[in-house]
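J.: If you look up TrEMBL, you'll see 1-32 marked as region 'Disordered'. For 16-28, the entry in TrEMBL reads compositional bias 'Basic and acidic residues'. Taken from TrEMBL, the feature Mg(2+) binding site covers Glu129, Glu197. Per TrEMBL, SUMO2 cross-link is recorded for Lys279.
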Amino acid sequence: MSSKEGSGGFRKRKHDNFPHNQRREGKDVNSSSPVMLAFKSFQQELDARHDKYERLVKLSRDITVESKRTIFLLHRITSAPYMEEILTEAEIKLDGVRQKILQVAQELSGEDMHQFHRAITTGLQEYVEAVSFQHFIKTRSLISMDEINKQLIFSTEDNGKENKTPSSDAQDKQCGTWRLKITPVDYLLGVADLTGELMRMCINSVGNGDIDTPFEVSQFLRQVYDGFSFIGNTGPYEVSKKLYTLKQSLAKVENACYALKVRGSEIPKHMLADVFSVKTEMIDQEEGIS
């Protein structure tokens, strides 16, 4: 019975065999030992890195919001009588976005950008989308990644009131200039998102009686789709995932061009937008069912 109680009762933990005072000796650690000093430095470095990451996330959120507002403003061009005023206002908004990107460049100065890339990638993609949308409206062409990166080279004159004093290790000593390079993945994802905005622009322009814009957008989207098709599954996962959405946008624009070409003379101009919206909903339902 005693053996059963010994095996089936509460088992003592290993450290319970040691006296109580001996177990607490580990708490009296010398704080000035080299090991403790090294771990304190690790703690300070990790805290500084986490704080920098959180600041970059907030800046990326601000860049995303302002870029979306710029895109919404540019969509008004299809119905506004004065195109130049909207483009000027959009340029002012994009300058404000670049001031936020300047702060990102100051935070990343002296750091490996790829360690913080996840914190800023959403904002950079949205900025690429806004800039490429503005460039397409002006020139009916796609802005290159080099042209975008040239706009993201800042000097000390560009700081203004938006500039915050960077940390000592983020201080750039090269003639007071900062730069931030858009990665190829961010550029491709931003261009892929642009196709959805062009599809909306196409439908809105038809509703306002603009018959030429849908065919221009359709030709442009075909070229973009051909370019993404060459990448296929060999590129990053996010790029191949966006390819399906791009194909949907192209199908909707081509459907609008088909209706304009075949039935454009039969449908009054003020009813074209309603006809295309109904067809777009039908396409979405068929794709959802399939």
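Backbone N, Cα and C define each Cβ position, glycine as well.
Unlike curated entries, TrEMBL annotations are predicted automatically.
Describe the structural context of each listed feature in the structure shown, including burial, neighbouring residues and relevant distances.
T.: Around Glu129 (Mg(2+) binding site), the same-chain residues six or more apart in sequence whose CB sits under 8 Å from its CB are Ser67, Ile71, Gly190, Val191, Asp193, Leu194, Glu197, listed in sequence order.
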J.: What's the number of neighbouring CB atoms sitting within 10 A of the CB on Glu197 (Mg(2+) binding site)?
T.: 19
